[in-house]
Amino acid sequence: MNILGIETSCDETSGAVLCSGQVRSNVVSSQRCHAHFGGVVPELASREHERLIVSIVDAAVTEANITKNDLDVIAATAGPGLIGAVMVGLCFAQGMAYALQIPFVPVNHIEAHIFSPFIQEDPFHSSPEGAFVSLTVSGGHTLLSVVEPDLSYSVIGRTLDDAAGEAFDKTGKMLGLPYPAGPVIDKLAEKGDPAFHLFPRALTSKSQTSKNYLGNFDFSFSGLKTSVLTWLQKQSAEFIEHHKADIAASIQYAIVSVLVEKTIAAARSRGIKSVSIAGGVSANSALRRAMKEACKREGITLHVPGTVYSTDNAAMIATLAALKLSRGMKAECCYNIAPYASFAAGSRMA
């Protein structure tokens, strides 16, 4: 089965082709026009998707060494995301499916991230056999979920305010770093001391290390942003510039340590021995390293996506569509799917 995946939920325009469960192409174009504004401008994002989507899809099909007539199914992000951006990819995908008279599969962007760690040579043979705890962390979402083998899942924790990725970007902006600041902080922090300044770690407690922890798995990062801003305002420009790497490392520790502690506590409290991390922030080297070390101590198997699959991409859209179809979802020629902006967790991905 040949599946075309399309992703346009934010500021990446992507097309990918999956042939018999294997990724044959994954073309991604990241929009650079937003850097000047220090964040994604929704209207600009929509216009860029509209400008690029035809060439991106053509490139994905060509790279896969097939033609559009060889496609069996088309899948696209239906949400959550910037509503205008989602509409571009969704309408294009539905129109293309209608023209080719093939089924269309709408895909939830966050659910696709959850399964992105299993995009390998054969994603279905690398999927965990039992339940796993998924940390999905990006610029717009921070979710902790328990995923069952039948693809049913429940969200057990989420951010109450800002996502972890937003915390990276906004605190980085306070340090004068370019957008997106997350990767810059990651690189800068390699030269810094994470214990230079202890910023607050909200909604954490020593009780989370308990095997019987039954507390709150929610996250909060707005307080961290306020704390960083207040602390920086008390320092001189020379001090900040001289210790920029140390400050970046301290900010990164405050975010990463909370993500790791809550994920491990969730797995431990439920007796689950498999954990995955996904989303743009899963590319952070400190998060990968800390989660790997924590999982090793606990005897937990860690699933992490390749860095190319951490950020938004269409390969994860096509992969989840293929996984749904392999689990019995009926693909239909339905072209009236409406886009949606927010994430509402369902009980089953299929």
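Heads up, residue numbers simply count up from 1 along the chain you see.
Every residue, even glycine, has its Cβ placed from backbone N, Cα and C.
Together with Thr136, Val137, Ser138, Gly139, Gly140, Asp169, Gly182, Asp186, Swiss-Prot lists one candidate of Asn2, Asn26, Asn284, Asn313 for binding substrate, that being Asn284.
Residue pair His109 (Fe cation binding site) / Gly140 (substrate binding site) shows a Cα separation of 11 Å. Among the listed binding-site residues, namely Gly140, Gly182, the Cβ with the most fellow Cβ atoms inside 10 Å is that of Gly182.
Around the Cβ of Asp312 (Fe cation binding site), the same chain contributes Glu7, Ser9, Cys10, Asp11, Glu12, Ser14, Val28, His109, Gly280, each under 8 angstroms and 6 or more positions distant in sequence.
DSSP assigns Ser138 (substrate binding site) to coil, not to a helix or a strand.
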